[in-house]
Structures are given as structure tokens and as C-alpha cells.
Amino acid sequence: MAPAATAAASSGKGSFDLATLFVADKAARDEAGLALADAVKKSGVEFFTQIGFNDAIVKALNDKKSQSAREGACEVISTLCENGAAQLLEPHVISSAENTPFPALLEAFADKVAAVKTAAIAAVKAIVQSMNPWASFVLLPALLNLIRTSGKWQIKAGSLEILQQLITSAPYQMGEAMPDLVPVLAGAVWDTKSDVKKAAKATLEKAVSLVENKDIEKFVPALVKSLLNPIEEVPKTISLLSATTFVSEVTAPTISLIAPLLIRGLDERPTATKRKVCVIADNMSKLVDSEYTVRPFLPQLLPRLIKTAETIADPEARSVANRAIVTLRRIGKVPVESDGSDLPPLPVAEGPHLATNFVALVKKHGGVSVEQTNPGLAYAGVLAASLVNHHNFDQKTWESTLPPYLKLALPSYDSLPAVRELLQKKADEAETDDAKFPDEEEGEDLCNIEQFNLAYGAKILLHHANMRLKRGHRYGLCGRNGSGKSTLMNAIINNQVEGFPPPTEVRTFYVQHDIDGSEAEISILDWVLSDKRLLATPEEIKSTLESVGFDEVKQKNSIGSLSGGWKMKLALARAILFKADILLLDEPTNHLDVLNVDWLINYLTSLTRCTSIIVSHDSDFLNRTVTDVLHLNNFKLKRYPGNLEEFVKHVPEAKSYYQLDVAEDYQFKLPNPPLLDGVKTKEKSLLKMRNVSFQYPGSSIQQLYDISLQVSLSSRVAVLGPNGSGKSTLVKLLTGETEPNLGGQVWKHPNLVIGYVAQHAFHHIDNHLDSTPLEYMLWRYQTGEDLEEMHKANRVMTEAELAKMKEGATVIKDGVKRIIDELVARKKLKQSYEYEVSFKGMSSAENIWISRDELVARGFEKKVMELDTREAQRLGLMRPLVRREIEKHFEDFGLDAEFVSHNSMRGLSGGQKVKVVLGAATWRRPHIICLDEPTNYLDRESLAALIAALKNFEGGVLIITHNREFSESICTEVWAMREGHLEASGHNWVEGQGSGERIDKKAGDDDEVEYDALGNPIVKAKKEKKLSAADKRKAKKDRMARRKRGEEVFSDEEL
């Protein structure tokens, strides 16, 4: 037993009788502990070192013969923490020094004397409750190691109790440590000792309460079950989780619960389970904000994903796995050649090194010289290392955490300047890829938002993004299709961006794609005057309209009579009158000809007080207009100064915004057309227009004058001309959208299929926005015909045509008067066709065949065209309308199966909608593809892919576009429209078949694939070639010669 002695403290000499802390009398021990607390508060942090406190505590804890020594050592720790000396004690107890008492305190959890064990747990709890939360990372490794490896169940149970206290005292820090916590706790739940098992379960339940992700809160109990009972629960939990849409940030607590499930799920046998795991991994990884969050799980998760992608049989599931791999590689910054298991260790900040930095910085900022070994300074270095290693560079956190401990070493020194400089240095080292530009602080701020989020429905678009806009700047908003460019613009105008200035402070105007079709009858002037938001007088409005090309006559015209280009100019005129601070322009060059694009560039660059945000896929326009680029990528918004060329220097991988290069992994594929009856070369005309004139009903001006032209499989036509010159009208006549009304004739091959995408491409899907692309396709082609064809002018009967058909429906056969009911079937008749006709009130046995010319003469031309279309479908043009085939078709246009089958079209971006329209138009394997302004909503990557696909297409191509780069890269023939007149150049119009290569029989070509009723390909037996008499004689002669040589040879007859 230690000798009794009176407590004596001398702050001047730095002495204290430590033996008094370990005496048998508890009251005396308590009095000595209080005296020590008073002494150290007066003398400072180095007092513990001067009196040899740590050595004495460790010696007492290891004194197996003295219960009072062991109990007293634990009690004095609690007394110091409870009496205001905790901050002075921390640097000595929580450090990496060899003589720290903390390991000995943990070993005391297994003391045979219950009082000592209780005192030890109370002491550690007191330390944990009073210490700085960032010290948790110093204590945690020792606790987890004991839970995992200790042979004494009391130590395990006690450590688990301390962990529970840590979760209460330092929730954020323990959340960050969850990747280390969860595996240890999941293992401890299966301990053989029931006390440990019970404590581990309670600790795990408390730990998972740190998960604050709203997406998975309701699944936490299921996730815990899958950790504890993986064989039974993993498949169930994966099914539950696969239906979840992740929109909240995925942090360390969330991923530490989900990652073990994914790792185990990839070891399951069913392909469906593996696919679900890949979907979860992909969706979850997109919302991980830092590589450090996902790094602990990469060595196990990524190799399994790679193995799944290489071994799984289902190609669609393989593509999902590959997508997840790409996302994980990007988030974790894993090189292509690595599978994540051989990554170099992350840099680790060391406490002593940062303490050395503090010594230098204190001296630099006018402080007195201080030893690096000073406990307060050394401990500040340890805490700074914890902050750096967990990537916390928040100024408030650093300023509240470190100065109190630096003050222990330098009581009269203001350490804030030194702390801030070290913070800046470490933050710069950690964020080398997030360069700031020197002009960041120049100019007047219109908007400066930090840390905002943006989602569209269930899809996250921006996460913790920043946006700073300067007055007079022109920002080009760049990003891939579907990255959220138009959604961000809509969110700004609808006041849905948190922190964006309200309309009362900053006037913002959105120049939209198109003008509402419901206002088609309103005159242009009245439409502009009716807008109450415009700060302009009627005179100003008229003069502004004149300045953009609307003279007095045009101002009185209805909006419905305007072409796409003029509608866009009208929307821009309204934007000018709005006098906005911020102008949002979404594809402003759509439908504009070259002269109007130049006018727009001059107008935008002349604005000095107005800021513009521009979304455009016209790289030349952006290059000549913008002063900065806002890059929307990986859920962030990053500003780069300069135009598009300068931006590409900073971000080389964004070259696709500037150059029309086809990416190897991103290509479109157009289905090649089948053969047509009577068409033996690509030069033979399939579509003709002869002396056609046209004028819209109600219009005072004729649109087309005496147009003659023809189109064949070899045609590559660019239809050019200024806005309003009749380009779209010409194409509508060719495709049957409208019909000639001032004379002339349009002829097309009976079996010809045309794939048409209109100028306002979205009108094809406007009434189906709440359907998925799959549902839209199933609706459009449900009868085997294209239901959009049914609404074309050349399929709708006029009153005059109905009267003519009624008059011509009477047929006299064998003296009996019959009335034609329907056209039933068709067959070849010389150079034309004849049609089987049924009669009203008569059986099918009475049907007769009538030639095409006679039926046309009787007024049945549109009925003939209807049957021709049906027959064209039947003759092999039709494809099985099943989900797998539709998904594969859209995949050829860069649209994933996820969007085709599971996303409504309302939620798709403009570029994705264009891909749906293109895919739907080409489903029937058209012979001629007709595209009216196809480049409007496609990004550069998709545009390059479309150009390559059109070049390889075996059919004819007609393109209306103002994009010269696009037309020149494809087209060899030009139809120039000028005020309704056509000037054709570069064409090769022939009568008959022409002299080109024959396409009706190509050497080595197999017959076209035919399908049965279930959509399965029919494998035809190969025809055997019959031998001629000469061949038979030659074979016989050969057999005789071989027999003569002694070989055994038999013919089929002999066998």
C-alpha cells in the first residue's frame, strides 16, 4: 500500500506528491485529485510533464498488488475531467506517446476487482465526453483493435460501451469513421459471449442512426439484417434497394452500410441480382462527393464489378455493369489499367510534422519561440492532422478547434493568423485540381451562390455546386445531353435555385425554344403588346420589331404564319424589350439563317450591362460570343474564362463541344432499307415532283412556284435558303404532310417508306410526354402501320375526294351493279399492280381484281396508298414490336435501355427527346430519311455520330439546315430555295434505272431475315445446287481414277 502523505503543490517549482493519489483512503484520494486539478490549472499544461504524471498513472494501473493504486489512477482521471482540467489533461492522455495511460486504462476494463473496472470505464468515458471531438480518430484504432482481437470479453464489452459514448459525443466524426466501425461491429455481433454480443448489437444500432440519407432511412433495418444474416437477407435487401432513386448526397455512413451489401450481392449467382447491384452501385456512386468516401471499398467492390462485366451472359446486364465500373473509376480516380486493389495509399498528415509547421508560422506571425515538444503545441498538431486526413478545410472548424490548444503553449499569443495560413496551405495542397482564376473577383456580382443542389424529378443534376455571375459577361453553358442545362435555366426563371436573386432585384428573361401554338391566330404586334412584363411603350415595341426585320406589314401577320426562324427572332425581340439584367438563351440560333446568326452575335456582344447565359450546340456561334464557359459536369458547375477554344485548353476532354469527332464508344447506327420492287440501282427515282405550285390557305403570298425534282437512294440533298423561303413547305409536300393545291404532281414508289423528323421535332411526341419511349413506340406501331401516317394530308380524305370515290365506287359485273367496299390485297401486274376489291353485301368469293390506274381514275388513290403502305410493312419491312428489339433499336441512337423503358419522355433532355424522335422515325427501316433542322438540340458528340451514321446509310437523305458544317459534311446535292423558286445543283437525275451499280442482287448477300409471329428469326434451309450432266460425268471420272489408285469411294446412289 502506498504511504500516506499530505498533498503539497508548488506551482513555482512544478512539484506534486503523486503518491497521495493512490492511497487506500478514498476521501484522501479525492482531496489529492482536486488539489492536482487546482495546481495544473495554475501552472499550465507542462505541469503534468514536470511531475511525471503519465509514468505514475501507468505504473499504478499495472500494480497488480494494490487495488487502491489502480482505482486511484482511474479516479484521478475522472476528477481532472470533471473539475475543469480536461483540456490540460488531453495532450497527455490522448497522444501517440509511448507512456500515454490510455492503453492501460482500456486493459483495466478486465480488472478482477469490480470497483477498478467500473472506475476505469468511468475514467475513459469522462475523457471521451470532455475531449475535442476531432481527437476521436486518435482513440478509435485502439478501441477497434481490442474489440477485434482481445481475448478478454470484459475489454470487448467495455470498449463497445466507450464506442457508444463516442457516437453520442462526436457524431460527425464517428460518421466519418463508419467504414472502419461497421465491419468490426458486424463481426462482434457473432461473439461467443452473450454480453459482448448484446453490447455489439446495441452499438451497431446506435451507429446506424448516424445515417441521415433520406433515400435509405427506411431501409436501414433491412441493411442491418443483411449485415448480420447475409445468406438469407442480401437478395431481399438488394431487391428493396434497387427500386430506390438516389437524390441525396451519399456520405461515409451511408456507403459503409450499402457497400458490404453490394460486395456480397456480386457474389450471388442469379444474373438479376448482379444487375440490380450494378444499378445501385452506379446510381449511388454518382452522388458520392469525394474519392476519399469511396476509396475504402474500391479494393473489394471494383474487382468484383469487373469480373461480373466479363462473365455475365446477359449483354444488357453487362452494359449496366460496365456503366457502374466507369462511374466508380471516375469517382475514385482509378486508372483504366487498375482494378482498384493496387491503388497507392492516400497521403497521411502526421501530427509532429504539422506541429513543426506551427512553430514556423508562430515565429513568422510575431510570436515567441516555442518548443515543438510542448504538449499543447504537439497536441494541436495531432488535431490538425485529424482535420487534414478527413479533408475538413472549413475555416470555422479550424478556428474553433486549434487555437485553445495553441493557447496552452502560448498563453498571450493570438494564434488565429497562423491557423488560417496553415489551413490555406493544406486546402491548396488538397484541391490542386480546383484551380481559381485571377479574374474571379473582378467586376460587379449579379449572383453569387455557394453550395446549391438541383434535381429534376428523381434525377440529381447539380450537387453542392457554386454559381457566380458578373454583369456584362456572356456565359456559355456547356455539358452533355441530359446533364441539366435546360433544367438549370428553367429552375432559374422559376425561382427554384436556392440563393438566386429574386426578380425584384435582378430581372431575368428566358428566350424559349418556341412560341405557344395556342396563340397562332394572334397578330405579331398584339402578341408583343399583350405581354405586361415589358417595360416599353407601343412606339418602342414597333421600332424594336422593325429593327429585327418585322416591318409594318409583317407585324399584322399572325404568329402561326411565321417560320421557325422568324418565331425565334420574335422571341428575341421580346427579350430586348424586357430590358433584362440576365438573359437566358436556350439554342438561340435554332432555325436562324447565317445573316440572322450574325445579327444575333452583334446584338449580344453589344450588351454591356446585361449578362447572358447561352446554351447552344453551334460551336462557331459560342466561340464568337461568350466571354466565359460554365461547364456542367459531374454534378458541378465550374467557370472557365475565355471562349470555347480557351475552355478546351483547360478541359481537353471537352473537345467534343468544339470538334465534330466521332467517339469510338458513342456512335449512331441507322437501319439499312430493304430492296424495292423494280429498283435495281441507287440512281432510280423513288420520289418525284413535277411542276408543283403551292399556297397556304389564308396566306396572301404563294409559297412555291413550278417545282420539279426527284429523289433516289443515292440522294444526299441539302435544302438551303433564308428563313421563310419555303424549305419546310417543299419537304412537307414531298413527305405527304401537305398536298399541292395550285397544280403539279407528287409521285412516290408504292412501297417507299420515308422517315421524317419535322422542324419542331418534339411535335411528334408532344401528346405522349407522360409515356416512356417504349410505350410511345408500342402505341405508334401497334397496328403494324405508323399511326402518324394516318394523319398526313395524303391519307385524309377531303369532301371532293369522298364525292369522287362515291361516284366511282359503282362497278357493273355480269349485268349486276356492285358497290366497292374495301381494297383487300395487291399483286404485281406488269409494270404496276392490281388490287383485290370487295363489294358491299357480297361474300369474298365475289371479289375481283382491278388495276391500279382504274382505281385511281375512280377516285380511290388514297385507299390505294393506304394498302400500299400496309403491303410495304408486310413485305419484310416490319420488325417484331417487342421490348428487346425496341431497346436495341434506340441503343443504336445512344439512348440507354434505362431511359427507353423506365423514364417518361417529360423527364428527358432536349437531346434525348431528339434521339427518341429519330429512333421512332427510322423504326420502319426507311428508304429515305428527311430531317428538318436536325441539329437544333443535339450536342456536338451526337451531331458527329449522326453525320457518320448518315454517311453510311444505304438510302437517300434530305436535310434542311442552316448548319453549313453539318450539310457540307454529308450532302453532294443542293436545293437552294429563293422566294419559292428552286435552284438545284450537284444532282444526278436519271430516267429509268440509270447506269449505277446494281443493288437488286449483290454477290454473297444472304436473304433478308424473316420473323415468325413471336418475333423469332426464321432460319431457312440452304438450297443445294443441282449438278449438270457435265459435272456428273466429271465426278464419275474422278471416282474411277481414285478407285484405280486403291481408294474406297462411293457415289450417293451406290450407298
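Along the chain as shown, the residues are counted starting at 1.
Placement of Cβ uses the backbone N, Cα and C atoms for every residue, glycine included.
Per Swiss-Prot, the feature ADP binding site maps to VAL45, ASN723, GLU933, ASN936, HIS962. In the three-state DSSP reading, VAL45 (ADP binding site) counts as coil.
As annotated by Swiss-Prot, compositional bias 'Basic residues' applies to 1033-1044. Note: the compositional bias 'Basic residues' (1033-1044) comprises 12 helix, 0 strand, 0 coil (DSSP; helix = H, G, I, strand = E, B).
Confidence annotation: the domain 'ABC transporter 2' (687-1004) carries a mean pLDDT of 80 in the model. The domain 'ABC transporter 2' annotation in Swiss-Prot covers 687-1004 and rests on sequence analysis.
Here Swiss-Prot flags 45-86 as repeat 'HEAT 1', drawing on sequence analysis.
Tertiary proximity for the repeat 'HEAT 2' (96-133) is limited to same-chain residues at least six positions away from its ends with a CB under 8 Å from its CB atoms, namely 54-55, 57-58, 61-62, 67, 70-71, 73-75, 77-78, 81-82, 86-87, 89-90, 139, 142-143, 146, 152, 154-155, 157-159, 161-162, 165-166, 169-170, 172-173, 351, 382-383, 401, 405. Summarising the annotation, Swiss-Prot assigns repeat 'HEAT 2' to 96-133 and lists sequence analysis as the type of evidence.
Per Swiss-Prot, repeat 'HEAT 3' is recorded for 135-172. Same-chain residues lying 6+ beyond the ends of the repeat 'HEAT 3' (135-172) with a Cβ under 8 Å from its Cβ atoms: 90, 94-96, 102-103, 106-107, 109-110, 117, 120-121, 124-125, 128-129, 180-181, 184-185, 187-188, 191, 193, 195-196, 199-200, 202-203, 206-207, 209-210, 382-383, 386, 389-390.
The annotation repeat 'HEAT 4' is assigned in Swiss-Prot to 175-213. If one looks beyond the repeat 'HEAT 4' (175-213) by at least 6 residues along the same chain, the residues whose Cβ comes under 8 Å of a Cβ in the stretch are 136-137, 140, 144, 147-148, 153, 156-157, 160-161, 163-164, 167-168, 220, 223-224, 227-228, 248-257, 259-260, 296-297, 390.
Marked as repeat 'HEAT 5' by Swiss-Prot on the basis of sequence analysis: 217-255. Nonlocal intrachain contacts for the repeat 'HEAT 5' (217-255), taken as residues 6+ away from its ends with a CB within less than 8 angstroms of a stretch CB, comprise 175-179, 182, 186, 189-190, 204-205, 208, 210-211, 261, 264-265, 268, 270, 273, 276-277, 279-280, 283-289, 293-294, 297, 455, 458-460, 463-464.
Taken from Swiss-Prot, the feature repeat 'HEAT 6' applies to 257-290. Residues 178-179, 182-183, 186, 208, 211, 216, 220, 223-224, 226-227, 230, 234-235, 237-239, 241-242, 244-251, 297, 300-301, 304-305, 307-308, 312-314, 316-317, 320-321, 323-324, 327-328, 331, 391, 460, 463-464, 635 of the same chain, all 6+ positions outside the repeat 'HEAT 6' (257-290), place their C-beta atoms under 8 angstroms from a C-beta of that stretch.
Within its own chain, the repeat 'HEAT 7' (295-337) has Cβ neighbours under 8 Å at 179-180, 255-256, 259, 262-263, 266-267, 271, 274-275, 277-279, 281-282, 285-286, 288, 343, 346, 634, 887, 896-897, counting only residues six or more beyond its boundaries. The repeat 'HEAT 7' feature in Swiss-Prot is assigned to 295-337.
For VAL45 (ADP binding site), the same-chain residues lying six or more positions away in sequence with a CB closer than 8 A to its CB are LEU88, PRO91, ASN374, PRO375, GLY376, LEU408, ALA409. Within 10 Å of the C-beta of ASN723 (ADP binding site) there are 20 other C-beta atoms, taking all protein chains into account.
The binding-site residues in question are GLU933, HIS962, and the one with the fewest Cβ neighbours inside 10 Å is GLU933. With DSSP states grouped into helix (H, G, I), strand (E, B) and coil, the repeat 'HEAT 2' (96-133) comes out at 27 helix, 0 strand, 11 coil.
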